[in-house]
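Worksheet for the structure shown next.
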């Protein structure tokens with residue numbers, strides 16, 4: 001007997017990341033090869049965007065995916081999020097010429113306040129929300145604060161792209177296969193201030209730090225390379241990283257829904273006060289996932305260098321939060 005379909009809402013659905021994401025969701029890569037899906041796709045109420053969305057839907061139809069039960073187009077979050085089991089908030093206002101970061105925060109605060117309120121009103125009470133649109137941690141915080149009737153733990157931000165980028169760099173440096181590396185962490189904000197931390201990482205069960213015993217490489221090459229990878233891709237491609245971002249979103253939700261089989265993964269989640277991170281801040285932490293829930297990996301040792309890096313990325317998150325505080329009243 002087939003499972004009941006899961007409703008997946010995706011915002012910014014006609015954008016680059018949306019285009020790289022939707023076909024993989026519809027093929028069963030995110031929720032399982034036996035899980036039917038209904039896609040509820042949101043775009044801005046602009047004629048060009050809605051027309052582009054119709055084109056994407058035509059292509060989805062033309063794939064004849066066995067798991068795709070229905071696809072609908074929306075311009076209003078209140079219809080797009082109706083009964084959603086999963087919501088991928090991909091659409092956000094990109095930084096335009098001459099825009100300061102605080103201007104970007106203000107514009108996105110309006111978008112994510114409206115979307116948080118709509119989720120609060122119409123989504124499933126168990127909805128799993130992943131914010132991909134930048135600044136992802138603070139946008140997730142805004143949506144969470146705008147949805148007081150939903151559990152705070154339902155709101156997450158995407159650090160998985162940083163996690164995957166760090167995995168790839170470590171595999172290259174150690175000469176080992178990426179699949180063998182476990183227990184990597186990316187702490188903090190999805191921004192160049194993030195702290196990728198491989199102190200606990202293993203490769204094929206052995207400590208990775210024994211293979212890469214190089215503090216200068218860690219500080220001067222590894223951390224900046226992971227932090228600035230997005231900018232490097234824009235420089236090379238002329239466009240932002242869309243396929244790798246979509247891939248990370250699939251990884252994040254797949255592990256959240258289907259479980260990580262005991263492996264550590266990085267998710268931006270509301271802090272419970274652990275590791276000196278103030279409660280409620282959406283911060284990248286190591287988690288394991290099972291039965292549709294994530295559990296933070298606790299009581300890891302924090303050395304002086306790590307404390308400094310963790311506090312540095314926290315400072316940025318607190319500044320972002322303070323920048324939008326008045327907009328949440």
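Glycine too: its Cβ is placed from the backbone N, Cα and C atoms.
Remember, predicted model here, so these are calculated numbers, not experimental data.
Record features (Swiss-Prot):
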BINDING   12, 13, 14, 15, 16, 17, 18, 108, 115, 132, 133, 134  NAD(+) binding site
BINDING   95, 101, 134, 165  substrate binding site
ACT_SITE  190  active site, proton acceptor
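For the binding-site residues 115, 134, the largest tally of other C-beta atoms within 10 A is found at 115. Less than 8 angstroms from the CB of residue 14 (NAD(+) binding site) sit 41, 43, 49, 52, 53, 55, 56, each of them six or more residues away in the same chain. Each residue contributes its Cα atom, and for residue 134 (substrate binding site) and residue 190 (active site, proton acceptor) those atoms are 8 Å apart. Around residue 190 (active site, proton acceptor), the same-chain residues at least 6 positions away in sequence with a Cβ under 8 Å from its Cβ are 134, 135, 136, 137, 157, 158, 159, 161, 162, 268, 284. Across the structure, residue 115 (NAD(+) binding site) and residue 95 (substrate binding site) are spaced 19 Å apart at their Cα atoms. Spread of the substrate binding residues is 24 Å (greatest Cα-Cα distance among 95, 101, 134, 165). Rounded to a whole number, the C-alpha distance linking residue 12 (NAD(+) binding site) with residue 165 (substrate binding site) is 23 angstrom.
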